[in-house]
Ligand code: HEC
Ligand code: HEC
(Lines of atoms letter the chains of each structure in order from A and count residues from 1; the text may use other names and numbers.)
(Lines give C-alpha, C1' and ligand atoms only; values in the text may rest on other atoms or scores of the structure.)
(Ligands and ions follow the chains in the order given, each with its own letter.)
Protein backbone atom coordinates (compact mmCIF):
# COMPACT_ATOMS: atom_id res chain seq x y z
CA UNK A 1 0.00 0.00 0.00
CA UNK A 2 1.35 3.43 -0.87
CA UNK A 3 1.80 6.06 1.84
CA UNK A 4 1.42 9.11 -0.34
CA UNK A 5 -1.69 9.74 -2.40
CA UNK A 6 -0.93 11.00 -5.91
CA UNK A 7 -4.75 11.42 -6.58
CA UNK A 8 -5.91 13.47 -3.58
CA UNK A 9 -8.89 15.03 -5.39
CA UNK A 10 -10.63 12.04 -6.89
CA UNK A 11 -12.35 11.00 -3.63
CA UNK A 12 -10.40 7.77 -3.09
CA UNK A 13 -10.05 6.33 0.41
CA UNK A 14 -6.25 6.56 0.31
CA UNK A 15 -5.90 2.79 -0.05
CA UNK A 16 -3.66 2.17 -3.06
CA UNK A 17 -2.19 -1.14 -4.20
CA UNK A 18 0.38 -1.98 -6.85
CA UNK A 19 1.15 1.67 -7.53
CA UNK A 20 -2.22 2.63 -9.05
CA UNK A 21 -5.12 0.41 -7.94
CA UNK A 22 -7.30 2.65 -5.73
CA UNK A 23 -10.38 2.12 -3.59
CA UNK A 24 -12.93 4.82 -4.44
CA UNK A 25 -15.68 6.14 -2.19
CA UNK A 26 -18.50 6.49 -4.79
CA UNK A 27 -22.14 5.79 -3.84
CA UNK A 28 -23.46 2.52 -5.44
CA UNK A 29 -25.50 2.93 -8.65
CA UNK A 30 -29.19 3.70 -8.23
CA UNK A 31 -30.36 0.45 -9.88
CA UNK A 32 -28.27 -1.51 -7.43
CA UNK A 33 -29.67 0.31 -4.40
CA UNK A 34 -33.24 -0.15 -5.63
CA UNK A 35 -32.75 -3.91 -6.03
CA UNK A 36 -31.20 -4.00 -2.60
CA UNK A 37 -34.28 -2.40 -0.98
CA UNK A 38 -36.59 -4.47 -3.16
CA UNK A 39 -34.88 -7.49 -1.61
CA UNK A 40 -36.08 -6.40 1.85
CA UNK A 41 -39.60 -5.96 0.57
CA UNK A 42 -39.42 -9.47 -0.92
CA UNK A 43 -38.36 -10.91 2.42
CA UNK A 44 -41.50 -9.56 4.05
CA UNK A 45 -43.65 -10.70 1.15
CA UNK A 46 -42.07 -14.14 1.11
CA UNK A 47 -42.40 -14.56 4.87
CA UNK A 48 -46.12 -13.77 4.73
CA UNK A 49 -46.93 -15.60 1.49
CA UNK A 50 -45.23 -18.96 2.16
CA UNK A 51 -45.09 -21.13 5.27
CA UNK A 52 -42.07 -19.72 7.10
CA UNK A 53 -42.14 -18.63 10.71
CA UNK A 54 -42.09 -21.30 13.45
CA UNK A 55 -44.96 -20.96 15.90
CA UNK A 56 -45.41 -22.81 19.14
CA UNK A 57 -45.81 -26.51 18.17
CA UNK A 58 -46.53 -25.47 14.60
CA UNK A 59 -45.61 -22.80 12.10
CA UNK A 60 -47.11 -19.85 10.26
CA UNK A 61 -48.89 -21.45 7.27
CA UNK A 62 -48.57 -18.48 4.86
CA UNK A 63 -51.37 -16.66 3.04
CA UNK A 64 -50.89 -18.59 -0.20
CA UNK A 65 -51.89 -21.90 1.41
CA UNK A 66 -49.06 -23.56 -0.50
CA UNK A 67 -47.56 -26.86 0.65
CA UNK A 68 -44.84 -28.95 -0.91
CA UNK A 69 -46.81 -32.18 -0.63
CA UNK A 70 -49.81 -30.66 -2.42
CA UNK A 71 -47.61 -29.51 -5.24
CA UNK A 72 -46.10 -33.00 -5.42
CA UNK A 73 -49.56 -34.62 -5.44
CA UNK A 74 -50.70 -32.34 -8.23
CA UNK A 75 -47.71 -33.29 -10.35
CA UNK A 76 -48.26 -36.99 -9.71
CA UNK A 77 -51.89 -36.51 -10.69
CA UNK A 78 -50.83 -34.97 -13.99
CA UNK A 79 -48.64 -38.00 -14.67
CA UNK A 80 -51.40 -40.40 -13.73
CA UNK A 81 -53.90 -38.66 -15.95
CA UNK A 82 -51.45 -38.89 -18.79
CA UNK A 83 -50.96 -42.60 -18.17
CA UNK A 84 -54.69 -43.20 -17.95
CA UNK A 85 -55.17 -41.59 -21.32
CA UNK A 86 -52.14 -43.26 -22.84
CA UNK A 87 -53.21 -46.77 -21.76
CA UNK A 88 -56.97 -46.30 -21.74
CA UNK A 89 -57.45 -48.79 -24.55
CA UNK A 90 -55.45 -51.57 -22.86
CA UNK A 91 -57.19 -50.99 -19.53
CA UNK A 92 -60.58 -51.16 -21.22
CA UNK A 93 -59.66 -54.43 -22.86
CA UNK A 94 -58.43 -55.87 -19.56
CA UNK A 95 -61.72 -54.90 -17.97
CA UNK A 96 -63.79 -56.35 -20.80
CA UNK A 97 -62.07 -59.65 -21.62
CA UNK A 98 -61.91 -62.84 -19.56
CA UNK A 99 -58.43 -64.00 -18.53
CA UNK A 100 -58.42 -66.82 -21.09
CA UNK A 101 -58.85 -64.25 -23.90
CA UNK A 102 -56.25 -61.88 -22.46
CA UNK A 103 -53.73 -64.74 -22.48
CA UNK A 104 -54.32 -65.30 -26.18
CA UNK A 105 -53.50 -61.69 -27.00
CA UNK A 106 -49.71 -61.49 -26.78
CA UNK A 107 -49.61 -57.69 -26.62
CA UNK A 108 -52.28 -57.38 -23.95
CA UNK A 109 -50.70 -60.19 -21.96
CA UNK A 110 -47.33 -58.40 -21.95
CA UNK A 111 -49.07 -55.21 -20.87
CA UNK A 112 -50.81 -57.01 -17.98
CA UNK A 113 -47.57 -58.63 -16.84
CA UNK A 114 -45.64 -55.37 -16.93
CA UNK A 115 -48.26 -53.45 -15.01
CA UNK A 116 -48.53 -56.21 -12.40
CA UNK A 117 -45.07 -55.99 -10.97
CA UNK A 118 -45.66 -53.10 -8.57
CA UNK A 119 -49.03 -54.52 -7.57
CA UNK A 120 -47.49 -57.93 -6.90
CA UNK A 121 -44.71 -56.28 -4.91
CA UNK A 122 -47.20 -54.37 -2.78
CA UNK A 123 -49.77 -57.07 -2.17
CA UNK A 124 -48.24 -60.51 -2.73
CA UNK A 125 -44.46 -60.48 -2.43
CA UNK A 126 -44.39 -60.34 1.38
CA UNK A 127 -45.65 -63.93 1.39
CA UNK A 128 -44.82 -65.32 -2.04
CA UNK A 129 -41.44 -63.65 -2.61
CA UNK A 130 -40.57 -60.86 -5.04
CA UNK A 131 -40.77 -63.01 -8.18
CA UNK A 132 -43.24 -65.55 -6.79
CA UNK A 133 -40.35 -67.82 -5.82
CA UNK A 134 -41.97 -68.57 -2.45
CA UNK A 135 -40.80 -68.22 1.13
CA UNK A 136 -40.52 -70.76 3.93
CA UNK A 137 -44.14 -71.86 4.63
CA UNK A 138 -45.52 -69.93 1.63
CA UNK A 139 -46.01 -71.63 -1.70
CA UNK A 140 -43.98 -70.97 -4.83
CA UNK A 141 -46.09 -69.46 -7.60
CA UNK A 142 -43.38 -69.61 -10.23
CA UNK A 143 -43.46 -73.38 -10.79
CA UNK A 144 -45.95 -75.86 -12.17
CA UNK A 145 -46.72 -77.48 -8.84
CA UNK A 146 -50.17 -76.27 -7.84
CA UNK A 147 -52.16 -76.87 -4.69
CA UNK A 148 -55.36 -75.43 -6.07
CA UNK A 149 -54.75 -75.71 -9.80
CA UNK A 150 -52.89 -73.67 -12.39
CA UNK A 151 -55.68 -73.08 -14.90
CA UNK A 152 -56.56 -69.39 -15.34
CA UNK A 153 -59.94 -69.78 -13.64
CA UNK A 154 -58.37 -71.64 -10.71
CA UNK A 155 -55.66 -69.03 -10.19
CA UNK A 156 -58.27 -66.29 -10.45
CA UNK A 157 -60.40 -68.05 -7.82
CA UNK A 158 -57.37 -68.40 -5.50
CA UNK A 159 -56.74 -64.66 -5.64
CA UNK A 160 -60.39 -63.58 -5.49
CA UNK A 161 -61.64 -65.70 -2.60
CA UNK A 162 -58.45 -66.87 -0.94
CA UNK A 163 -57.64 -70.48 -0.02
CA UNK A 164 -57.45 -72.37 3.23
CA UNK A 165 -55.82 -75.79 3.21
CA UNK A 166 -57.20 -78.20 5.78
CA UNK A 167 -55.62 -81.37 7.04
CA UNK A 168 -56.76 -83.04 10.25
CA UNK A 169 -54.20 -83.95 12.92
CA UNK A 170 -53.24 -87.65 13.20
CA UNK A 171 -55.14 -88.82 10.12
CA UNK A 172 -58.73 -88.34 9.06
CA UNK A 173 -60.08 -89.93 12.27
CA UNK A 174 -57.44 -88.32 14.45
CA UNK A 175 -56.48 -91.73 15.85
CA UNK A 176 -52.99 -92.53 14.50
CA UNK A 177 -50.41 -93.51 17.13
CA UNK A 178 -46.90 -92.04 17.24
CA UNK A 179 -45.57 -95.30 15.80
CA UNK A 180 -48.01 -95.20 12.90
CA UNK A 181 -47.15 -91.55 12.25
CA UNK A 182 -43.48 -92.49 12.14
CA UNK A 183 -44.23 -95.23 9.60
CA UNK A 184 -46.43 -93.10 7.35
CA UNK A 185 -43.84 -90.29 7.46
CA UNK A 186 -41.26 -92.72 6.10
CA UNK A 187 -43.76 -93.74 3.44
CA UNK A 188 -44.54 -90.23 2.13
CA UNK A 189 -40.83 -89.37 2.08
CA UNK A 190 -40.28 -92.59 0.11
CA UNK A 191 -43.07 -91.50 -2.27
CA UNK A 192 -41.20 -88.25 -2.92
CA UNK A 193 -38.12 -90.30 -3.78
CA UNK A 194 -40.06 -92.66 -6.04
CA UNK A 195 -39.60 -95.61 -3.64
CA UNK A 196 -43.15 -95.86 -2.29
CA UNK A 197 -43.68 -99.41 -3.54
CA UNK A 198 -40.61 -100.93 -1.89
CA UNK A 199 -41.49 -103.59 0.73
CA UNK A 200 -39.70 -101.62 3.49
CA UNK A 201 -42.54 -99.06 3.37
CA UNK A 202 -45.46 -101.52 3.37
CA UNK A 203 -46.38 -100.70 6.98
CA UNK A 204 -46.42 -96.97 6.19
CA UNK A 205 -48.49 -97.60 3.10
CA UNK A 206 -51.07 -99.40 5.25
CA UNK A 207 -51.22 -96.45 7.64
CA UNK A 208 -51.63 -94.15 4.62
CA UNK A 209 -54.81 -96.07 3.85
CA UNK A 210 -55.95 -96.33 7.48
CA UNK A 211 -55.51 -92.59 8.08
CA UNK A 212 -57.33 -91.91 4.81
CA UNK A 213 -54.49 -89.74 3.64
CA UNK A 214 -55.40 -90.93 0.16
CA UNK A 215 -58.73 -89.10 0.27
CA UNK A 216 -56.85 -85.84 -0.15
CA UNK A 217 -53.34 -86.75 -1.24
CA UNK A 218 -54.49 -89.39 -3.74
CA UNK A 219 -54.01 -93.18 -3.71
CA UNK A 220 -50.51 -92.86 -5.19
CA UNK A 221 -49.47 -89.66 -3.41
CA UNK A 222 -50.76 -87.38 -6.13
CA UNK A 223 -54.09 -85.63 -5.51
CA UNK A 224 -56.73 -86.69 -8.01
CA UNK A 225 -58.09 -83.15 -8.14
CA UNK A 226 -56.58 -79.90 -6.90
CA UNK A 227 -58.01 -79.50 -3.38
CA UNK A 228 -55.11 -77.82 -1.66
CA UNK A 229 -53.40 -81.08 -0.66
CA UNK A 230 -49.75 -81.72 -1.40
CA UNK A 231 -48.51 -83.79 -4.31
CA UNK A 232 -45.89 -86.02 -2.69
CA UNK A 233 -44.49 -87.30 -5.97
CA UNK A 234 -42.91 -84.05 -7.18
CA UNK A 235 -40.31 -83.68 -4.44
CA UNK A 236 -41.50 -80.15 -3.54
CA UNK A 237 -41.98 -79.64 0.20
CA UNK A 238 -43.81 -76.68 1.56
CA UNK A 239 -43.23 -77.23 5.27
CA UNK A 240 -39.94 -79.07 5.00
CA UNK A 241 -39.10 -82.59 3.86
CA UNK A 242 -37.00 -83.67 6.85
CA UNK A 243 -38.61 -86.49 8.77
CA UNK A 244 -39.11 -84.28 11.84
CA UNK A 245 -40.93 -81.68 9.70
CA UNK A 246 -43.12 -84.33 8.10
CA UNK A 247 -43.95 -85.90 11.47
CA UNK A 248 -44.94 -82.51 12.83
CA UNK A 249 -47.28 -81.86 9.90
CA UNK A 250 -48.97 -85.25 10.28
CA UNK A 251 -49.22 -84.96 14.08
CA UNK A 252 -50.68 -81.46 14.22
CA UNK A 253 -52.24 -81.14 10.76
CA UNK A 254 -52.75 -77.97 8.74
CA UNK A 255 -54.92 -75.09 9.99
CA UNK A 256 -56.30 -77.26 12.79
CA UNK A 257 -58.25 -75.11 15.24
CA UNK A 258 -59.62 -75.58 18.71
CA UNK A 259 -62.01 -72.97 20.14
CA UNK A 260 -61.30 -70.79 17.12
CA UNK A 261 -57.53 -70.71 17.76
CA UNK A 262 -54.91 -72.67 15.78
CA UNK A 263 -53.60 -75.53 17.96
CA UNK A 264 -49.93 -75.49 18.91
CA UNK A 265 -47.74 -77.05 16.22
CA UNK A 266 -50.31 -76.96 13.43
CA UNK A 267 -49.14 -75.62 10.06
CA UNK A 268 -50.69 -72.33 9.04
CA UNK A 269 -51.72 -72.13 5.41
CA UNK A 270 -54.08 -69.29 4.64
CA UNK A 271 -54.20 -67.39 1.40
CA UNK A 272 -56.23 -64.23 2.11
CA UNK A 273 -59.10 -63.25 -0.20
CA UNK A 274 -58.19 -60.25 -2.31
CA UNK A 275 -61.53 -59.25 -3.77
CA UNK A 276 -61.92 -56.57 -1.08
CA UNK A 277 -58.26 -55.74 -0.60
CA UNK A 278 -57.01 -54.73 -4.02
CA UNK A 279 -57.70 -51.34 -5.52
CA UNK A 280 -59.92 -51.68 -8.58
CA UNK A 281 -60.33 -55.45 -8.00
CA UNK A 282 -62.18 -56.40 -11.20
CA UNK A 283 -59.26 -55.37 -13.38
CA UNK A 284 -56.41 -56.01 -10.97
CA UNK A 285 -57.37 -59.59 -10.14
CA UNK A 286 -57.29 -60.41 -13.85
CA UNK A 287 -54.01 -58.58 -14.22
CA UNK A 288 -52.45 -60.58 -11.39
CA UNK A 289 -53.93 -63.83 -12.69
CA UNK A 290 -52.22 -63.24 -16.01
CA UNK A 291 -49.01 -62.41 -14.16
CA UNK A 292 -49.05 -65.51 -11.93
CA UNK A 293 -50.01 -67.66 -14.91
CA UNK A 294 -47.06 -66.26 -16.86
CA UNK A 295 -44.54 -66.86 -14.07
CA UNK A 296 -43.99 -70.19 -15.71
CA UNK A 297 -46.43 -72.70 -14.32
CA UNK A 298 -49.77 -71.86 -15.92
CA UNK A 299 -51.68 -74.84 -17.28
C1 HEC B 1 -50.46 -63.40 3.98
C2 HEC B 1 -49.71 -64.16 3.03
C3 HEC B 1 -50.17 -64.16 1.58
C4 HEC B 1 -50.37 -63.07 0.75
C5 HEC B 1 -50.21 -61.61 1.07
C6 HEC B 1 -50.71 -63.62 -0.53
N7 HEC B 1 -50.76 -64.97 -0.48
FE8 HEC B 1 -51.21 -66.22 -2.01
N9 HEC B 1 -51.09 -67.80 -0.76
C10 HEC B 1 -50.70 -67.75 0.57
C11 HEC B 1 -50.75 -69.08 1.14
C12 HEC B 1 -50.39 -69.47 2.56
C13 HEC B 1 -51.19 -69.94 0.10
C14 HEC B 1 -51.42 -71.43 0.19
C15 HEC B 1 -52.75 -71.74 0.76
C16 HEC B 1 -52.84 -73.20 1.06
O17 HEC B 1 -51.89 -73.74 1.63
O18 HEC B 1 -53.84 -73.80 0.74
C19 HEC B 1 -51.38 -69.10 -1.06
C20 HEC B 1 -51.80 -69.58 -2.30
C21 HEC B 1 -51.87 -68.82 -3.45
C22 HEC B 1 -52.23 -69.34 -4.74
C23 HEC B 1 -52.56 -70.78 -5.05
C24 HEC B 1 -51.27 -71.52 -5.29
C25 HEC B 1 -51.46 -72.95 -5.68
O26 HEC B 1 -50.45 -73.68 -5.62
O27 HEC B 1 -52.55 -73.36 -6.07
C28 HEC B 1 -52.15 -68.28 -5.63
C29 HEC B 1 -52.42 -68.32 -7.13
C30 HEC B 1 -51.79 -67.11 -4.87
N31 HEC B 1 -51.63 -67.47 -3.56
C32 HEC B 1 -51.62 -65.86 -5.42
C33 HEC B 1 -51.43 -64.72 -4.64
C34 HEC B 1 -51.44 -63.39 -5.19
C35 HEC B 1 -51.57 -63.01 -6.64
C36 HEC B 1 -51.28 -62.54 -4.13
C37 HEC B 1 -51.27 -61.02 -4.14
C38 HEC B 1 -52.50 -60.41 -4.58
C39 HEC B 1 -51.14 -63.36 -2.93
N40 HEC B 1 -51.25 -64.66 -3.29
C41 HEC B 1 -50.97 -62.85 -1.66
C42 HEC B 1 -50.34 -66.64 1.28
C43 HEC B 1 -50.43 -65.34 0.80
C1 HEC C 1 -58.64 -83.54 4.43
C2 HEC C 1 -57.54 -83.64 3.50
C3 HEC C 1 -56.23 -84.21 4.00
C4 HEC C 1 -56.01 -85.41 4.61
C5 HEC C 1 -57.03 -86.47 5.03
C6 HEC C 1 -54.59 -85.51 4.82
N7 HEC C 1 -53.97 -84.39 4.33
FE8 HEC C 1 -51.98 -84.02 4.38
N9 HEC C 1 -52.31 -82.17 3.64
C10 HEC C 1 -53.54 -81.66 3.30
C11 HEC C 1 -53.40 -80.28 2.98
C12 HEC C 1 -54.52 -79.33 2.54
C13 HEC C 1 -52.03 -79.96 3.15
C14 HEC C 1 -51.37 -78.59 3.01
C15 HEC C 1 -50.73 -78.42 1.71
C16 HEC C 1 -50.17 -77.03 1.60
O17 HEC C 1 -50.85 -76.09 2.00
O18 HEC C 1 -49.04 -76.92 1.10
C19 HEC C 1 -51.37 -81.19 3.57
C20 HEC C 1 -50.02 -81.27 3.82
C21 HEC C 1 -49.39 -82.44 4.16
C22 HEC C 1 -47.98 -82.57 4.35
C23 HEC C 1 -46.95 -81.43 4.20
C24 HEC C 1 -46.41 -81.40 2.78
C25 HEC C 1 -45.38 -80.32 2.53
O26 HEC C 1 -45.24 -79.93 1.35
O27 HEC C 1 -44.70 -79.87 3.45
C28 HEC C 1 -47.73 -83.85 4.70
C29 HEC C 1 -46.39 -84.48 5.00
C30 HEC C 1 -49.01 -84.53 4.73
N31 HEC C 1 -49.99 -83.65 4.39
C32 HEC C 1 -49.17 -85.87 5.02
C33 HEC C 1 -50.41 -86.44 5.24
C34 HEC C 1 -50.60 -87.77 5.73
C35 HEC C 1 -49.50 -88.76 6.02
C36 HEC C 1 -51.94 -87.96 5.87
C37 HEC C 1 -52.67 -89.16 6.44
C38 HEC C 1 -52.30 -89.52 7.76
C39 HEC C 1 -52.61 -86.75 5.42
N40 HEC C 1 -51.65 -85.86 5.06
C41 HEC C 1 -53.96 -86.57 5.39
C42 HEC C 1 -54.75 -82.34 3.28
C43 HEC C 1 -54.95 -83.57 3.84
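Yeah, the Cβs are placed from backbone N, Cα and C, and that goes for glycine too.
Curation does not apply to TrEMBL; its annotations are automatic.
Check TrEMBL against the ranges 10-29, 30-49 and you find transmembrane segment recorded for 30-49. According to TrEMBL, 213, 216, 217 bind heme c 2; the candidate from 167, 173 that the record adds to this site is 167. Outside the transmembrane segment (30-49) by six or more residues, the chain places 60, 62-64, 66 with a CB less than 8 A from a CB of the stretch. In this structure, the CA atom of residue 216 (heme c 2 binding site) is 24 Å away from the CA atom of residue 128 (heme c 1 binding site). A Cβ within 8 Å of the Cβ centre of 124, 127, 128, 271, the residues given for heme c 1, is found for these other residues of the same chain: 125, 126, 138, 139, 141.
Of all the binding-site residues listed here (124, 127, 167, 213, 216), the one with the fewest other CB atoms within 10 A of its own CB is 127. Residues from the binding-site residues list (124, 128, 167, 213, 216, 271) with a C-beta closer than 6 Å to any atom of ligand 2: 167, 213, 216. Contact annotation for binding-site residues (124, 127, 167, 213, 216) versus ligand 1: 124, 127, each with CB under 6 Å from a ligand atom.
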